[in-house]
Amino acid sequence: MTTKRRVLLGVNIDHVATLRQARGTIYPDPVMAAAIAEQAGADSITVHPREDGRHIQLRDVRLLAQTLQTSMNLEMAATDAMLTLALEVNPRDCCIVPEKREELTTEGGLDVCAREAALKDYVSRLSNNGIRVSLFIDPDPRQIEASVRVGAQAVELHTGDYAEATGSDVETRLEALREAAAFAHQAGLLVNAGHGLHYHNTRPIAAMAHIRELNIGHAIIARAVLMGLDSAVREMRALMDASV
Ligand SMILES: CC(=O)[C@@H](O)[C@H](O)COP(=O)(O)O
Ligand SMILES: NCC(=O)COP(=O)(O)O
């Protein structure tokens, strides 16, 4: 009997916090969202506290570190402040991502080749503390080789360009991801992927050889808003009816 390969699902809950931060309310709470995602089968929870504080807050990260039943994947820019936070909350995984203050969302992968010396030191500070380090990179063999040289244990292949591709470019982007996944696996790295994956484009990525984990956030939270709207309206209707 052959056992079916199971690709892990990391649920990114940043966008629950985006909704909360838009109003400065205490709801919706990403900590509660993480518990629901875990109950529904998430294998891990991803959070990306950005420098501009647009979604996940330090309070969230600290509470999640105490409450998660699975494990935390802390996405972060390679800054001193984030290193201090990671060493405090001790997540299972850290994924180092590039970050630009003004960007709408993460644009492109980390240029590991350009920052090898600094990243080598940064990665070792995390891995010496038992944290598994992943680098969020474009599907580029040069970046994969550099990821090995700086001591990363994993890479997360940036699927954003694939997610935005149209026409024949879709297959070109898929092939680049396939080749990168095989190359990274061959190089001894764990191979994760994510960014911009949704209900219509995830299947070919999940089916790809060597992919260990997908991190998906925006599409899942967006779908939850619509799927939950019916019962949310009914609940308010019932509450109002019960008040008069
Ligand atoms: C690196 C990455 O892909 C995630 O951090 C995710 O995209 C979070 O959402 P924002 O890019 O909107 O912060
Ligand atoms: N690293 C990718 C991630 O965590 C989720 O990205 P998205 O699904 O919110 O685009």
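Including glycine, each Cβ sits where the backbone N, Cα and C put it.
Where the annotation comes from TrEMBL, it is an automatic prediction and has not been curated.
Binding of 1-deoxy-D-xylulose 5-phosphate is attributed by TrEMBL to D14, H15, R50, H55, and the same site annotation extends, among T70, T84, T105, to T105. Separating the Cα atoms of H55 (1-deoxy-D-xylulose 5-phosphate binding site) and H48 (active site, proton acceptor) is a whole-number distance of 8 Å.
Among the recorded positions D14, H15, R23, H48, H195, the residues whose Cβ sits under 6 Å from any atom of ligand 1 are D14, H48, H195. For ligand 2, the neighbouring binding-site residues among R23, R50, G217 are G217, by Cβ distance under 6 Å. Among the recorded positions R23, H48, E156, H195, G196, the ones whose Cα is located within 10 Å of the Cα of D14 (1-deoxy-D-xylulose 5-phosphate binding site) are H48.
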